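Participant: Mind looking over this structure? Questions follow.
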């Protein structure tokens, strides 16, 4: 990572910007020797019985070799292969969680999540409910949620992020990561590019709604984003240096969330659009699209919407809309210039699309099978998925366009 785990803990103790949550992660390894160090970690923790959670693809990519290592270490293990749905998608929903809980022995010492975001979300929630720790083994640099506490789950068809627990350790084998599908690498880059708008929404929410804000968490996140942009060529090439930079950035972004105890820094309106599209795909029984691919598309859409719709409307307001709270109105007047500077600091939608396209990601909704009408609807409704987040999209829809 850009910062070592110990450095981040030290910086958090020095930071006075916010009350930080304890980082429960004891070890992070991103190297060729990750599985050997995982075995040593299990010996150190004296874990004798574990459940390996994976799906068919991730078990082939890393689970089988990991189980061989466990066998050599005389660690008893149960393999839980998450069943896919009729579209061959693995979904983090009630069915998957119930499968893990039913297949887990009562005397298990720890879970090991072998996979990408979805497998981790399922394992994170299941282990939390069983009051058992889990260890992260990422198989692709595809999301920034590996080290976070939040578990985005589909509950009765609705996307909800439930606070659960972070892994106690992360062991990412660079050989495995470099073999990840190009689409998953592009998705990881897309999840980092999304920080442009998530950080802007967070700053706006702090100004308008006094939501918690921490300069250290902001700095860790922007540092991770900049590292990815600076090494875009290597990430696009899929070489070891690029994959290492991307994985480090994703892990550090997740640790930043962990410090806050919330995902303010990493998830704004661009994520709400992504979740809205995901729910619609589930309703239509369509194959799912990688989370990072969706936010790679939604981020420039949000930038464009903020710069061409939100800002012009805000700058022309002469009196308080009936639907706007008096306090919000007063703060908007105070921070108008700051909001303008914030929006002007964002890369253009064209620049963001060029970056995502450079690493092989989709840049238009149609490339992901997302209908323009769905995009239009999500810009009006997606903020309702997180009504406790005062994003610019929320302000636009709930405070500025709700007259009458």
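Every residue, even glycine, has its Cβ placed from backbone N, Cα and C.
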Participant: So Swiss-Prot lists 117, 118, 119, 120, 121, 139, 140, 141, 142, 148 for NAD(+); which of 55, 230, 234 goes with them?
Facilitator: 55
Participant: Among 244, 291, which residue does Swiss-Prot annotate as binding Ni(2+) together with 191, 271?
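Facilitator: Swiss-Prot names 291 for this Ni(2+) site.
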Participant: Starting from the Cβ centroid of 191, 271, 291, which together make up the recorded Ni(2+) site, report each further residue of the same chain whose Cβ lies within 8 Å of that point, ordered by sequence.
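Facilitator: Neighbours found: 143, 144, 190, 194, 267, 270, 274, 292, 294, 295.
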Participant: To which of the binding-site residues 55, 144, 191 does the lowest count of other Cβ atoms within 10 Å belong?
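Facilitator: Least crowded of the binding-site residues 55, 144, 191, by Cβ count within 10 Å, is 55.
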Participant: Around the substrate site recorded as 144, 191, 275, what other same-chain residues have a C-beta within 8 angstroms of the site's C-beta center?
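Facilitator: Near the substrate site, beyond 144, 191, 275, sit 117, 143, 145, 194, 266, 267, 271, 274, 291, 292, 295.
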